[in-house]
2 protein chains.
Amino acid sequence: MAENLSGKALATAIRADVAERAAKLTASGVTPALAIVVATDDDGTLWYVRSIVKAAEKVGVRAVIHTVENPTVEAIAATLTELAADDGTHGIILQTPLPKGVSLTDLAHLIPAAKDIDGASPVSAGNLVIGTPAFAPATAEACLELLAHHGVPLSGKRAVVIGRSAVVGKPVAQLLLRADATVTVTHSRTVDLPAVARTAEVLVVAIGRADFVTAEHVAPGAVVIDVGTNTAADGSLVGDVEAASVDGVAGVLSPVPGGVGPVTTALLLRHAVAAAEGGF
Amino acid sequence: MAENLSGKALATAIRADVAERAAKLTASGVTPALAIVVATDDDGTLWYVRSIVKAAEKVGVRAVIHTVENPTVEAIAATLTELAADDGTHGIILQTPLPKGVSLTDLAHLIPAAKDIDGASPVSAGNLVIGTPAFAPATAEACLELLAHHGVPLSGKRAVVIGRSAVVGKPVAQLLLRADATVTVTHSRTVDLPAVARTAEVLVVAIGRADFVTAEHVAPGAVVIDVGTNTAADGSLVGDVEAASVDGVAGVLSPVPGGVGPVTTALLLRHAVAAAEGGF
């Protein structure tokens, strides 16, 4: 059985740090506040957004959901522009999914880098590539934090990322590269994906398909990070990794739920506090 | 002997297209113009910059060298800010190397994306990652154009990039990924680089060390793109690939000089004309 790369203890530690910093800010007259712009009535998304609000309240961060009625590009843009100019809002999250015909790339540039706590804007993405301070997408950063927390070395290691989304795959590749790993990005067009994946000492899976990665994708002893958050037929949360089969091959495996997820939420709150402090 | 992946015919074709578009612009009252900001007195750099000016003149693009005297960060920033606001300047290149203590990342954000014809700013880099229209660094784009010109397919191919600079390695990896290659980025910390490089069907070398890549890095029949521009002891231009040894193994090899270089210059001019047209 693979070692369990739980994110719970790490998330707890991050939240404790956030609570301390939030209390200091509040004492100095600034209540750290984040805004979540929601343009969907998807149940799962609304549940997730409310879970962020609850987690924020627990650590002294104010989180406000801004639901955009009749969410056209223009209407969402107007909300983002208003929040960008609002001194009382330190962090802005534009929650996906967006309505049909509305793309994150049409809107993310409206979030100023200093408030872009989920690293969605082109400026944040570019700074991540170039190496200047910026907020990384929280999910991507959570993978690296989880690896660091469990003492997994990355310098010189072969890392393979499955998935090339702008939200996870590409930024996690940038962060792994910054940590001196040798990084391969794979995707739907990759030929013989299992063989490429088996070259990985560290395998990050962010393809968005339930149970996609099986034992044939994993080298014996590899570290496997499962970023997937898929909803199973029975409504439960399942990852991109078929844990039952991978567990016998991997050396270390992050669980879903309880791995990357709680760390991601904690990092969003840490970013909000950092933004309120005036940094990254 | 490997097939010679020359950039000369491609560069000629690009320059012909640029000349046609520049003539149309000029006829309509807009002379396409680019500014090259120079903050060094390095001979090689000055020679290179003058070669761009000459190439620009030949296709009807005005190129002006702006030499920054006493080039502090502030002085260079002032020049960039002035050019950013100047309606008669359509493209801006901040030429490297910069003086000691001055970093491209301190300054590149001052180039507006619409004028950033060498893809140096964080916004350009981010748009490249996200997939929104932007100018890519000309050298990185030249690699892809060279491959396309010679009919090298990329979808599903294993590509390995040696070097992770923000100017070449990282953007060329983004462009290869966009072309559906499976992309590995390697660097100085990569363990057993020759073995990793040998997994490449397409190998792009941008490490900045003369004759660094030898036959042991190359799989039989591989396509090798040499981005290196190193000055040999006798003053001649040499690539990062030891051509004499790689020639017998690679299927295709881009020469230095005459490979990526002329295409890069032609693309800078194409970008300048595109900027004057109001696009990318």
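Cβ from N, Cα, C; glycine included.
Model, not experiment: these values are computed from the prediction.
The domain 'Tetrahydrofolate dehydrogenase/cyclohydrolase catalytic' (B:5-118): residue composition by secondary structure is 59 helix, 16 strand, 39 coil, according to DSSP. Per TrEMBL, domain 'Tetrahydrofolate dehydrogenase/cyclohydrolase catalytic' is recorded for B:5-118.
Taken from TrEMBL, the feature domain 'Tetrahydrofolate dehydrogenase/cyclohydrolase NAD(P)-binding' applies to B:137-277.
Its own atom aside, the Cβ of B:Thr229 (NADP(+) binding site) has 20 Cβ atoms within 10 angstroms in the protein chains shown. The annotation NADP(+) binding site is assigned in TrEMBL to B:Gly163, B:Arg164, B:Ser165, B:Thr229.
Maximum intra-site Cα distance, NADP(+) binding residues B:Gly163, B:Arg164, B:Ser165, B:Thr229: 16 Å.
Averaged across the domain 'Tetrahydrofolate dehydrogenase/cyclohydrolase catalytic' (B:5-118), the predicted model reaches a pLDDT of 97.
Mapped onto three states, the DSSP output places B:Gly163 (NADP(+) binding site) in coil.
Chain A comes close to B:Arg164, taken from the binding-site residues B:Arg164, B:Ser165, B:Thr229 by a C-beta to C-beta distance under 8 angstroms. Across the range of the domain 'Tetrahydrofolate dehydrogenase/cyclohydrolase NAD(P)-binding' (B:137-277), the DSSP-based residue counts are 52 helix, 26 strand, 63 coil.
Remark: B:Gly163 (NADP(+) binding site) has B:Gly169, B:Thr186, B:His187, B:Val205, B:Ala206, B:Ile207, B:Gly208, B:Val227 as non-local neighbours, by Cβ distance under 8 Å and separation of at least 6 in sequence.
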